[in-house]
């Protein structure tokens, strides 16, 4: 039978019994009451079995209370004969009826205990206590007190039944104040209220006379109990309800107001009726208790108000944080922060924000059912055991038995599931009291934030799709989607321009050059197996294009489910890369290999020669007098000459050989894969022969290039560096031997060069450390044997070899440029010595000192200043110094040097030409130069006629003549006879140090002749 029909049938039956109870005589009312109670007990039992509440204990207590009431009524209302035979039966019946009140109270307590937070709901407890105190005052003043004095019933009954009503009033007030939403609970509440009204009516009847109100109250309770048990909502009474809301509604405010007014009203009524209040102590105590409870309640209300303000501030802060949240994590952080501020300080808690995610398939039945419940609940917060929460969430809330669960629902969401997620807050149950409204507000704010973020992401996604769609449409790269059969399912618009047509519907290998299709098939297969390729691969298209391919396997992505191939036209890039590579390894002017490529090919040639035993040869080629070409004809002509030489060298080599330009006018040739070293020498000869032919320039003129070549082969060395070094040494020897020839490396050449390099290094050290000394060779008047001057001769005091003559190191000094600092030292030291002489000797005996000067000393342009500074520093006049120069400076382009010498000559410095007659100077050269002395070379002393001519020429030009190398008396006599009166030589004196020279000058005696 449907629950509605059962309830209607039961309700009708109880209504009939109530009418009968009123209509029948008083003696017949008891059976009606008993029938109503029995019916109610049976119906409650049936309702419990039918609706199956989770906890039956409260309903068992209700059935027990009804049963006790029926049994007690039956005993108390038994016929007089029964009472006569059983004198205490009426008292037992009264006790059973009275026992029903504690049973009802236990029922209410059981219901309350099933509501989390209810037993500790301070506001509800205070309100129920206030009502109970007010009712207690009324009960005492108008029921208990008068009944005790009237003695209409046994004393214990006159006191016990009002007290039972009072207990029931307190528990009922507690039950109703906590909020009852289930219809079954409201029916029970209404039944209990009617029972209390009936009891009050009965208590009043004890004073004013019999009444049927008590019976009707009992029948009303029975009817309400049965209807409540039959109603399906009875199962919800023992389920956890939502947390109570700590707020003071109008009803509760009115209830507290009425309760607080009970005491003054009672006093007014009793004073007006009786003129006095004998039990004033009791009335005052209950009145004080009532006012005290009201004051405590008001204090709690103020504290709740302050807490509400704090929660409002926390929610405002959360709102600001949620408005600025950019993603779900930031929303979760804001929610956690807000909950921490909503709870009392230092309260342990856990917060889990479970956000709904898109599902590609249907939800599990339990999950779907829970989601439906959450959608229907809206944003209402519900308290549930933590064990009933989804396991993925409950593990994070396991430290707390109860969890406040609040769905995030947007009922007006235009699209998508209105359930955006669920907010779980776990904390000690007292801390969650009154938090439901704040959590609901926070959940609503979080839902709005999540919706805003989702909408923003959707807008960004759509904009991104539009952006990338535009990129795909406009990009020059070709994007292809290729299926499992290598068929092109999609091609971007740029494919037509790059591939020469739309490849959609074609096999991908069909758009690649036939020679590379098999390689492409292998690449696609490796891409599908997960190997792939990190860098782009080059393929040649059907047209003359080079395509760089990139691939990605997106078959697992349901939106693509294929390979994505990107092709890029890199034809121009590859051409530029090849050109740049060629420039890196080739000379830009001649097109020959440069130094880098030459070294690389030499390394490969040596490795190949080591494997097959072939000979590798290296030729260093250097143009002779190329600087003169640049200086006289210009760099443009020099460049044309270099290009012509490069072509001649390359033409003289075989296909396997390599020609290279190392820089400037230096070239090299690599000859490899030959069996005889003589083939390398033949190559050098072919190069010289090729260069012997004139090179035609752009203007039609011809120019012949002359080169020197150094050769070496692997029989002499087996490493690249050694070959290059040997070829360089051989080139040095070839240039020293003359122009337009080649020389092969020989070991003794190497030893000589090493010794020369060692000498240069030691010389450099000697220059910086000052390991030199001067010897002074006298210039003697042959007629008087008196010294008139001295030639300063430099000597090198070597730490291991002793004194080294200038002939062994001056050439190296000239080549290395060390002659410049060495000549400066000689000049300073010689002038310092002659200054000492001049300070000692009389004016008539003061000699001059001559210093040999190299052309290289004039290159830095500061030689004149150096001489002036040296003279000033020594403190001697210019006439104390003579500079000796080689004869070859008379001819050639040395005008700048003679300009400097002219300046010095004008100062008074003497200028002499050394070894006169060994060069190719003409008399005109002597006439044009600022000269004072010519020195005849020793090789001419045996030729009297030649000496006569030289002396005559010098005299005609007004020059003084000094003969060098006089080593016997015959030379001396002949020179005196010819009129050459000044001379040097070992016949006259050995070179002397400064002290010996000064002693010679101060002695005044003629020089002893050397035998």
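The backbone N, Cα and C atoms fix where each Cβ goes, and this holds for glycine too.
In TrEMBL, the feature transmembrane segment is placed on 32-48, out of the ranges 32-48, 219-235. Range annotated as transmembrane segment by TrEMBL, chosen from 88-112, 313-337: 88-112. Under DSSP, residues within the domain 'GGDEF' (614-747) fall into helix, strand and coil as 60 helix, 38 strand, 36 coil. Of the recorded ranges 7-26, 32-48, 253-271, the transmembrane segment (277-296) has the largest number of C-beta contacts under 8 angstroms with 253-271.
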